[in-house]
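Step one of this worksheet: look at the structure below.
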Amino acid sequence: MALLKAVQHVSYGYEQGHFQTAVAQVSAWHRLAVLIAAGLLATFMVWLLRKLSHGANSDIVHAIWFQSGRVNFWHTIVQAMLSMTIVGMGASLGREGAPKQVGLAIASVLSRWERLTSAETRFLAACGAGAGMGAIYNVPLGGALFALEVLLGTVALPLILPAMTAALIATAVSWITLPNQPTYTIPVYSFHLGELLWTLLFGPLAGVMSVLFVRLIIWVDAHKPQSGWSMWAPLPMFALLGILAIPYPQLLGNGLDITEFAFSNQLPLLLMLILFVLKPLVTAGCLGSGAPGGLFTPSITYGAVFGGAMGDLWSFIWPGTPMGSYAVIGAGAVLAATMQAPLAAAVLLLELTHNTMAIMVPILLAIAGAIITARLLDMRSIDSGPASIQPFIEQITKRPLHTAFNDLITPSLNIVPVSASYSQLVYWMTADNAPQNLYVLDHSGKLVGVISSEKLWTADALTRTMGIAAAFDLKMPVTAIRSDQSRKEVLNLLQQPSFSQTPVVEGVTMQYMGIIKKPEV
């Protein structure tokens, strides 16, 4: 936080109060110059980090599920500092990304010292990220639930105490330098009957808009620059943000002040509608350019301006409820649907404001409507969506086969990502026409192992009861046929009595292509 405040002071002369006030007081050209500088800094540092760390990935969810919580310590720390710096300069990303990454990096180092298993490292990494979240926003219980429900996808009772302990300690330590007070200072709202009917209508709509936002984030994440001239993407994106900030300085920063203004009835309807359209676009643009940062606060802001705008319009039909009350409900609904975590969202909203108990019933109703609708449309969350294996499934079904034995290959999709949880593996293994083996792919679609039904059912008790193990922990080595092998080699292999089926991989990249079964010969 000290780094964030220092950067905000140098960039905009910010001392105290609302960051947005300091941003609005400087000239439009000043804002543009700061954003261009932020773009240059992000461009250089992202390129340097990629070059020095050989493409290491410090994304929280990716690290937890695809790398078992293990990350390059210094790469992650430097990326966290870069994230905090560019957010302080006005990037439309969340400041919570940095403390979560620091918590992840520390957990990764501790797990190496203690020689923890992959499952234990994954759990410790999630607790570290949740603790960082709890400390930065003064939300210890919310941080613990974020670690469990969002990052691990389970709220098993044996996991709650360690996660809460980590978040409570981190939050208590943060009180040395950070104030022990709610993140958002809002009025105390009372319940109104008109709110209830609006909530029933708004919840499903919030679910739809959340899915659109999540899909946008997943798309830009999949198209992040990887090499060459595309690595310059942060510069034009941040320059565009600076241009948009000339008429709308509210777009700068993580959106914390804008959210509080919406919660406190201080935003006009037209501005909320404009921010509802532009804020998610610039957030996605910053993230898609390769700049590091969080999505938690931007998601809350998106929900707050959407709920506030829809509530303001509803007031023409049924007046009497403050717009800020609708904004709070909207923030809770969108946060729950984007994270796919209703329990964590409700608790986080309560801890962030301290003043929402009187309207908790409409908040929970809106969350329920948003979650149900979102899950009917798309089960992916804003955190786990970019780590989905779905793009590789689509590639496998569309990839042309260039082998000497195309007619022998079956494009079987008995595949799982290394991030698949134990419960997901059990579901797939017990479904109708369940396969005997599941082939495990990494984040690039490369075949890295196989899980047999026998291995799954004989997993240790920790794996079966606590749900923190993944396919990465259960996979076994597998022998595959390469696409560059001759037809004669493959036919000779099929003649062996012990042969039943074998996966086929691309000869250079080792990406999965399908399987060859003996009965098809």
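Backbone N, Cα and C atoms are what each Cβ position is placed from, and that goes for glycine too.
Keep in mind the model is a prediction, meaning the values are calculated, not measured.
Feature annotation from TrEMBL assigns transmembrane segment to 28-50 (among others). Sequence-distant contacts of the transmembrane segment (28-50) (same chain, six or more residues past either end, CB-CB distance under 8 Å): 11-12, 56, 75, 78-79, 82, 85-86, 89-91, 231-239, 241-243, 245-246, 249, 252, 289-292.
Marked as transmembrane segment by TrEMBL: 71-93 (among others).
Among the features that TrEMBL reports, transmembrane segment is placed at 123-148 (among others).
What TrEMBL records for 155-176 (among others) is transmembrane segment.
Look at TrEMBL and you will find 196-217 (among others) tagged as transmembrane segment.
What TrEMBL lists as transmembrane segment is 229-249 (among others).
Among the features that TrEMBL reports, transmembrane segment is placed at 269-288 (among others). With a cut-off of 8 Å between Cβ atoms, the residues of this chain six or more beyond the transmembrane segment (269-288) that come close are 91-93, 213, 216-217, 219-221, 223-224, 233-234, 237-238, 240-241, 244, 248, 250-251, 255, 258, 262, 295, 298, 301-302, 305-306, 308-309, 312-313.
Taken from TrEMBL, the feature transmembrane segment covers 300-318 (among others).
Per TrEMBL, transmembrane segment is recorded for 324-350 (among others). Below 8 angstroms of C-beta separation, residues 137, 139, 141-142, 145-146, 148-150, 155, 186-187, 189, 192, 195, 198-199, 202-203, 206-207, 209-211, 213-214, 259, 262-265, 295-296, 299-308, 310-312, 314, 356-357, 359-360, 362-364, 366-371, 373-375, 379-384 of the same chain, each at least six residues beyond the ends of the transmembrane segment (324-350), sit close to that stretch.
The feature transmembrane segment is assigned by TrEMBL to 357-377 (among others).
Of the two recorded stretches, the transmembrane segment (300-318) lies close to the transmembrane segment (196-217), with three or more CB pairs under 8 Å once pairs fewer than 6 apart in sequence are set aside. Ranked by Cβ pairs under 8 Å to the transmembrane segment (229-249), the stretches 71-93, 196-217, 357-377 are led by 71-93. Using a Cβ-Cβ cut-off under 8 Å and counting only residues 6 or more beyond its ends in the same chain, the transmembrane segment (196-217) has close neighbours at 280-281, 284, 287, 295, 299, 302-303, 306-307, 310-311, 314, 318, 321, 326, 329-330, 333-334, 337-338, 361-362, 365-374, 376-378, 380-382, 385-386. Long-range contacts of the transmembrane segment (71-93) within its own chain (CB-CB distance under 8 A, at least 6 residues past either end) are made by residues 3-8, 11, 23, 31, 34-35, 37-38, 41-42, 45-46, 49, 52-53, 56-58, 63, 99, 101-102, 104-105, 108-109, 125, 238, 241-242, 245, 251-255, 279, 282-283, 285-287, 291-295, 298.
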